[in-house]
């Protein structure tokens, strides 16, 4: 008996690999066998599992009209299983064979994913039942008990893996762990959550979330800059089997399951798997007007047919061009919960060697030499932007990221592009991954026409700096109109800031070739620094830029300051301050220049945590050298004060007082205060219609603490003009 067992087990074992203890776990579809009885040792003869707590049924509240899909904005998915978004609680009910007794019964939930689940990889998640849910961390608590049933609120981690988890309920007995039987009806899909502040894809505008996550149709702009055309495209991210098809794309790309909580990684591998080059991905690109054995790119009306055909056949679908790749990519991103939009760049540069210029070589007669010219200009090119934080980059480069599934050039050995920060592209910071030089060239290159003389020297005949990236557009939020977003990618054509960004890009290692390649020599005899004055929210403040000229030369510096409002995650919302000036730098001296920031310039656009990000760039006109610097800063936000009145004894009534003074120059309207303290009081809310400028508010709450010990009271204030206002107080609750 034991011999046959061992040979069977040997057959099941994956082949040995000297590099890793586990085979790669990169398929969401594959499963491992989970034992229904996991014995701790020998099981005594009289053991009867029915003597212990048993799960009779699990109710998932998974219908579209029920609480989970409603609260998680997943009610549109045509999928019978539970679909929730990470970092936000959801409900399930467990029916046992008898009433649950917390003193003696112990059970927990288990979520499993893939063939080789491991706890440290996030593919095996045991969840013990506790008393309180921590925001953005795995946990479960009982919200309701009735007869043989309990209702649980489950919180998933705001960074957990995206995909389909298998749910088991495990019950502890003295002799082993009893688990529920595998039941695919209880599978739970977990998606990205743009509604959750801790999620890397958090987007703060409800109208934008409705457009960039929940809208399943879009407009594609094409044609050329003199003749703009538009067409509709059905993204269909909620249609039947599309969610499974999108998860399959990550399996196809062999993205390790443990990496699937990271939108940067997902976008990077998806930009490769959307095209069929080098990995048999979704769509075969064809630009040669011959579409044998397939469908012409212009014939597609949406993404659903393409994704479902690929999901069923596992073979690349023929054919696509840029807007088809972008349309399908948009479906993939929105389906998984990553905010996404489709972009059209008119007069798009296809730069073969990422040297920030398109080299058109002319022959003796002045015509383009097609043999030598490898670069190209597209009438228009479509790509996508996906919204996410970029913790891998310095602060300020989160927000919209360019991702492009159209196969143009290889990146790290595969046909893919992005994610590249739009903000980094605008300011010329092309050193930041991924593929920023390529995208920078697509929107910014100048076209250089050069001719080779008989003796081999190259003569530059003409440089066209305005042709490329003349217009960059996307669909408007909430309508089918066209929104121009050129200025999100580049400064005004011909402006000092634009030239500055180009020179910054060159400083960061992207060579702009001249006939003699000169190596970069920085300006060593001038230092630049800037300080942001500490300021309280609602007040004016200043930024002081200081130059130290250590040379004996007289210099002038064209200086540009860009002030950006950013999310606390470093994602830029918008630029609220632009200021250019010319600085005269006397020999051997320091010069300081103040730039005033008025509260009126930032208050209307301000985000919750009052975070700013400043870029200062200066060009020394005499040498052409660039000095560049960036800093993040946060304004001081007022806080709430919490006090208590009366004895602090469990079971006795006490009073909590919350106080706040409005420091702003404006009246706060529709203010919501929240107060909670686990073990002291349940969350309570109170609305205040208005709090005039400089006036105080006092809120008294009576409560009866339940549990003795050190507890924390937490209060928050929220309104459109002011967010992230908190107060907290530790209270020692005595035993009665």
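Note: Cβ is positioned from N, Cα and C throughout, glycine not excepted.
Here TrEMBL flags 1-32 as region 'Disordered'.
Across the domain 'Transglutaminase-like' (314-407), DSSP helix (H, G, I), strand (E, B) and coil residues number 15 helix, 42 strand, 37 coil. What TrEMBL lists as domain 'Transglutaminase-like' is 314-407.
Annotation source TrEMBL lists active site at 322 (among others).
There are 26 other Cβ atoms within 10 Å of the Cβ belonging to residue 381 (active site). Residues or ranges marked as active site in TrEMBL: 381 (among others).
Within the same chain, the residues at least 6 positions away from residue 404 (active site) whose Cβ sits under 8 Å from its Cβ are 271, 325, 326, 329, 383, 384, 416, 417, 418, 439, listed in sequence order. Residues or ranges marked as active site by TrEMBL: 404 (among others).
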Number of other Cβ atoms within 10 Å of the Cβ of residue 322 (active site) across all protein chains: 25
C-alpha spacing of residue 322 (active site) relative to residue 381 (active site), in angstrom: 6
